[in-house]
Amino acid sequence: KNMITGAAQMDGAILVVSGADGPMPQTKEHILLAKQVGVPSIVVFLNKADQVDDEELLELVELEVQETLSEYEYPGEEIPIISGSALLALEALTENPELDSANNEWVQKIYHLMDSVDDYIPLPERDTDKPFLMAIEDVFSITGRGTVATGRVERGSVDVGETVELVGLKETKETIITGLEMFQKTLDKSVAGDNVGILLRGIQKEEIQRGMVLAKPGSITPHRCFKAQVYILKK
């Protein structure tokens, strides 16, 4: 469930495969789920390359990964595959946070990975012109401040101080946004594509559930009947 929720929001993904062990059964599951929920682009990182002495073994794992990706209709031969060691890169940077990547091959490979992400995964077009809409994924309370709803802004934009509607499951309510936060940074404005926490005035935690939405007042209407496309996954 959590894998699907996260993957459904992605503009791209890094598939991590052990260079020492090759693709595991769950690797295929993750690729299948990514394809089914519409993750458009994948970059591959072959981890634990430090544990593989024979370069040909890494090449065999790379070929196996390419075949697996192609099996699920990703362009396996075009997808960037970078080998490295996350552990050795982390240890090097922990020991010397100011380390120049050029002086450590494992750190350099992580930078190469991120460059590949920037180059291969296209910058997504955000739907910023339509009315604000965010599906609520989680909710929690901050003592002395109020209730926070978290989720990904699907479309539009929203500012601190703006009035929004809480819609779905229960009676529609209006509330005012008193705070926006993303990755522990306070924002004045949030736009489509942001994963944010929204602090709401006058709303109790019990009034919000996952599956409800925050929206510009009057922009959406809840329905009891709808058509949906469902993927049934089997083992």
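Placed from the backbone N, Cα and C atoms, the Cβ positions cover glycine too.
Here's what Swiss-Prot has on this protein:
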- 1-125: domain 'tr-type G' (DOMAIN)
- N47, K48, A49, D50: GTP binding site (BINDING)
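The Cβ of N47 (GTP binding site) lies under 8 Å from the Cβ of V16, V17, S18, G19, G84, S85, A86, each of these being in the same chain and 6 or more residues away along the sequence. Applying DSSP to the domain 'tr-type G' (1-125) sorts its residues as follows: 67 helix, 15 strand, 43 coil. Other residues of the chain with a Cβ within 8 Å of the Cβ centroid of N47, K48, A49, D50, the GTP site, are S18, G19, A20, L46, Q51, V52, S83, G84, S85, A86, L87, L88.
Per-residue confidence over the domain 'tr-type G' (1-125) averages out at a pLDDT of 89. Counting every protein chain shown, the number of other Cβ atoms lying within 10 Å of the Cβ of K48 (GTP binding site) is 18. Of all Cβ atoms in the protein chains displayed, 23 besides its own lie within 10 Å of the Cβ of A49 (GTP binding site). For D50 (GTP binding site), the number of other Cβ atoms no farther than 10 Å from its own Cβ, over all displayed protein chains, is 17.
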